[in-house]
Amino acid sequence: MSNPYLYTLVRWVAVGVGMLLLMLLTYGLLRAFRARRSTAAGYALILPWLLGLIIWQLFPILYSLYLSFTAYDVLTPPRWVGLKNYVDMFTRDTRFWPSVRLTVLYSVISVPLGVLGALGTASLLAREVRGIGFWRTLYYVPAVLPAAATALLWRWMFASRGLINSLLSPVYRLLNMEPLSWFSDERLVLPSFIIMSFWGVFGANTVILLAALKNVPKELKEAALVDGAGPWTVFSRITVPMISPALLYVTIMGVIGAMQNFTAPLFIATPSSAGTFLNVYVYQQGFTQFKMGYASAVAWFLMVLILILTAIVWKWSDAYVYYEGELRQR
Amino acid sequence: MNRKLSDLIKGFLTYFLLTLGAAVIVVPLFWMVSTSLKGSDALFTYPPDWIPRPPVWRNYVDAWRMLPFGRFLLNTLFITVLAMAAELLTTSLVAFGFARFQFRGRDTLFFILLCTMMLPGVVTMIPSFMIWARLKQVDTFVPLTVGAWFAWGPAYIFMMRQFFLTIPREMEEAAIIDGANIVQIYWHIMLPLIRPALLAIGVLAFQGNWNNFQSPLIYLHSTDHFPLILGLKFFEQSLSKEAPMWNYMMAISVLMALPILGLFFAAQRYFIEGLNVGATKG
């Protein structure tokens, strides 16, 4: 193919036109079978998503489950090996458990801290002080930057002779200790990634929580203050319950995102003894070792792990999250 | 008097904390730009040199020329624009369908859509790759752009639907009485009305595709097809492997971040609106 742009453009246009024709066809067919106008239009309109769901989600999930029971090196067809991949993963693979540990600890520590930080930042930005627009804009900048660029920046700042160690050198001298080597020290990999994740406090979560804070009715807080409640009571008894759906949303999305941490670890070299983030591990096993069957088993394990963590957050939040208009039985 | 004093302290504390947070954001960014303007012999000075003297502006030109970054930029733009356009068109159509038409199974399907927001991408990665490999499209831009016709991004559909729900029904009813069909209603009435949502999601989609790393990494293999982010990775892995050339890597990072920052400052309102429509009206 001489011109990759033209090559892609042709296919892009063809699939786009094809999709629109398929939608029209669906509408026509449904109408021909005497479906109501709104039924036909509805199904025709959601067709792209419905096809995507089947082709790019349902089928891949099931296929990846099948692959996880096979040995598959891309060149020869998948060969059924039963539970071997899972047995190897749980009992033989020495890199597996350290990776699980790193991934889970990272998520379990960084997400709650991150949500608390975002809540604090949002409360700060919710105050109507002069020039608040400027601050809100500034606080969103880290979220906009490419994760690759920020990962490289943090690796550079955490380098053994980088900015952080330079700034900390008086402390090192005071405590009479060697400078820390952060990402290169197997024991410090996890804390370094967690520190780095604090940067994500600013950004999307803050914006979402800020909007939720702004939606809390002022009268409610004022009434409580008149009744003699202190600011802390107002915050914990009124504000937090009122914004709890948003808190739940950012927590769950945060857990799903953190468990699949990918870009930053690929730009930051760490000792392999510290473990590899599981998403990266799946990528390495599948696309550099060409063990697609094994990689699928790890991917499935990771998915189940994410579902369990999400379910725990959900279950636990049940007692706390307040939805307006919901009746509670006590 | 007492009241005034406590207000003063509160105000002072607010500004103090705001400044503290701002420092956490600005200092690393400043260090990034400062590093990008240093000569290779000035990288590891102690105490750290905040303002390089003289600033080596040539770093940007040199870094850009070490690899075909012009080509990488073109690739990035090409992928981003095609994917974004297809995402906008299809997600708005799907959202229109969910928001405005009654059909059996609609609410169940919409619930499934919400569930897919939580589906970890890691399980679909390998089979998706195999589909594209079977279609012989690996190492082309096709997997990164054509797939967007399948209404990528359940979150975008959700946001867009929420927006559709705020538009009064009378608008379409009048058009239906006038004999407009669904395509006409969508094109002439709905699209102009959902312009703010389209802009918001356009900005988010642009950012998402521009910053995307995992899919290009999996699907693109020859250097000619690399977007900027793979160019940066390649640079880090090859030329800059043994002795990291931090000044050049920071220069490339700055160049990669600038368009997104520019877009953010120009379309800030839409960025923030996009995030909020999705999360709070749920």
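Keep in mind that glycine also has a Cβ here, set from the backbone N, Cα and C atoms.
Look at TrEMBL and you will find B:12-33 (among others) tagged as transmembrane segment.
Only residues 6 or more beyond the boundaries of the transmembrane segment (B:72-98), in the same chain, are considered here, and those with a CB under 8 A from a CB of the stretch are 106, 109-110, 113, 141, 144-153, 156-158, 160-161, 163-164, 186, 190-191, 194, 197-198, 201-202, 205-206, 209-210, 216, 225-231. Summarising the annotation, TrEMBL assigns transmembrane segment to B:72-98 (among others).
TrEMBL lists B:73-267 with the feature domain 'ABC transmembrane type-1'.
Sequence-distant contacts of the transmembrane segment (B:110-135) (same chain, six or more residues past either end, CB-CB distance under 8 Å): 98, 142-143, 154-155, 157-158, 161, 214, 218-219. Residues annotated as transmembrane segment in TrEMBL: B:110-135 (among others).
Summarising the annotation, TrEMBL assigns transmembrane segment to B:141-164 (among others).
Feature annotation from TrEMBL assigns transmembrane segment to B:185-206 (among others). Sequence-distant contacts of the transmembrane segment (B:185-206) (same chain, six or more residues past either end, CB-CB distance under 8 Å): 80, 83-84, 87-88, 91-93, 96, 153, 156, 159-160, 163-164, 167, 171-172, 175-176, 263-264, 267, 270-271, 273-275, 277.
The feature transmembrane segment is assigned by TrEMBL to B:245-266 (among others).
Listed as Cβ neighbours of the transmembrane segment (B:12-33) (distance under 8 Å, sequence separation of 6 or more from its ends, same chain) are residues 50, 250, 253-254.
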